[in-house]
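Working notes for the structure below.
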Amino acid sequence: MTSNVHPVDEKLPLRQMLTLGLQHMAVSYIGAIAVPLIIASALQMSQEDTVVLISTTLFCSGIATLLQTVGFWKFGVRLPILQGVAFSSVGPVIAIGSNPEVGFAGVCGAVIGAGIITMLAAPFVGRLRRYFPPVVTGCIVTVIGLQLFPVAYTWVGGGHGAENFGAPVFLFVSISVLATILLVNRYGSPLVRNLSVLIGMLVGAVLAWSLGMGDFAPVEQAPWVTVPMPFHFGLPTFAIIPIATMTVVMIVQMVESMGLFLAIGDIVGKKVEEKEVINGLRANGLASTIAGGFAAFPFIAFMENVGLVILTGVRSRWVVAVSGLMMCAVALTPKAGAMIASVPSAALGGAGIAMFGVVAVAGIQTLAKVDYEHNRYNVLIVGFTLAAALVPVLSPALFEQLPEWSQPFLHSSVVIACLLSVLLNALLNGIEAPQAKARETVTQNI
């Protein structure tokens, strides 16, 4: 008997969901703690406050993931999306938090205020869904994969700040991880193939540790248990300028998120309608509102996990929901989180190349379905979009002389890809309502 359940909604056996969920969490953990570490360092927080910031960020990341994957009422896009803190919020958070008249309580208030505004604006922004045909979503997915390669290469070289960046031993570990992933996918059983990235990372971690890499001091220093509590830095304060600043960041993230929702829908084979886009944006706003209360930051989809979905072929949102629960659990047990963070960057490098590469390929597959033979404008749309969107990656200093207000838009490859591809498609191909296109088709047939 054939099941009518879409793979995205499929509930796998518990043991399988636990192992696959662990794989998603392990892949995303380093990125999840990077932002709070950067912010804590910039604001010169104490060790205790830094631990709290990491814990609350992980906890809220798990909550945000559950909102998007499981969802409730009119919240959540219900796709296999793991949420993490957006790097675009780092600059504004540091600027607001370093202002002695505002402080970190003002950061919390700004995140809450911007989250509420996002929830209210979601229905209006979500109506732009029809401006994202395959030529647009294909550009977005391709750019997502390509712009992540520098991250993978940094891991391969030993990570930021590595004394001997690019040393042969780092390359050896990363190549070993990549080789393990390839061998598992070639010779492993279907279940084992689904865990190829986790197996590769474990092999790389053991190999790296045996070669003297890794710092276990944070594991020894981390507490066994901590409970994330709201208002650790005091009650949030609300001021117009900080809220307006964070709202601009959230607007950028809404544009990026809408493109990501549609792109991920294409990848997993589930059409994302206007309603789902609105629900996803609304969930982003709610997650940010909750995060502000816990001294965390706005969230957005982690593309590392999308690469994992493509690589394993497991599209179940419930697997990622389990990963969200694990994020919450790790937030309560910092020692376990410190153990995951002790995995050397070189062990992540091979996994990163594999995951980010398949994301780029997914975008290329979507672009391959676009009609270039009868519509030469599509060639221009794709060419111009890719050229412009890769500027922040290939020449990050190019836009530095432009106005300050434009920087959040121009330093994100995904945002550039979203805005430019939509604009070019509207100018060159035009935007018509589905009803108008249907009428035109009928007229031509007559």
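Keep in mind that glycine also has a Cβ here, set from the backbone N, Cα and C atoms.
In TrEMBL, annotation is done automatically, which means it is predicted and not curated.
The following features are taken from TrEMBL:
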TRANSMEM  20-39  transmembrane segment
TRANSMEM  51-73  transmembrane segment
TRANSMEM  102-124  transmembrane segment
TRANSMEM  131-153  transmembrane segment
TRANSMEM  165-184  transmembrane segment
TRANSMEM  191-211  transmembrane segment
TRANSMEM  231-252  transmembrane segment
TRANSMEM  346-367  transmembrane segment
TRANSMEM  379-397  transmembrane segment
TRANSMEM  409-428  transmembrane segment
Leading stretch by Cβ pairs under 8 Å, where the reference is the transmembrane segment (379-397) and the options are 20-39, 165-184, 231-252, 409-428
409-428
Any residues 6+ beyond the ends of the transmembrane segment (231-252) with a Cβ under 8 Å from its own?
49, 52, 56, 86, 88-89, 92, 95-96, 102-115, 117-118, 121, 284-285, 288, 292-295, 298, 405, 408-409, 412, 415
Under 8 Å for C-beta pairs, could you tell me which stretch among 20-39, 51-73, 102-124, 165-184, 346-367 has the largest tally with the transmembrane segment (131-153)?
346-367
Sequence gap of 6 or more, Cβ distance under 8 Å, 3 or more pairs: do the transmembrane segment (20-39) and the transmembrane segment (409-428) meet that?
no
Under 8 Å between C-beta atoms and at least six residues away from its ends: which parts of the chain pack against the transmembrane segment (191-211)?
16, 19-20, 22-23, 26-27, 169, 173-174, 176-178, 180-181, 184-185, 308, 311-314, 343-344, 346-348, 350-351, 354-355
Of the listed stretches (51-73, 102-124, 165-184, 409-428), which one yields the highest count of Cβ-Cβ distances below 8 Å with the transmembrane segment (346-367)?
165-184
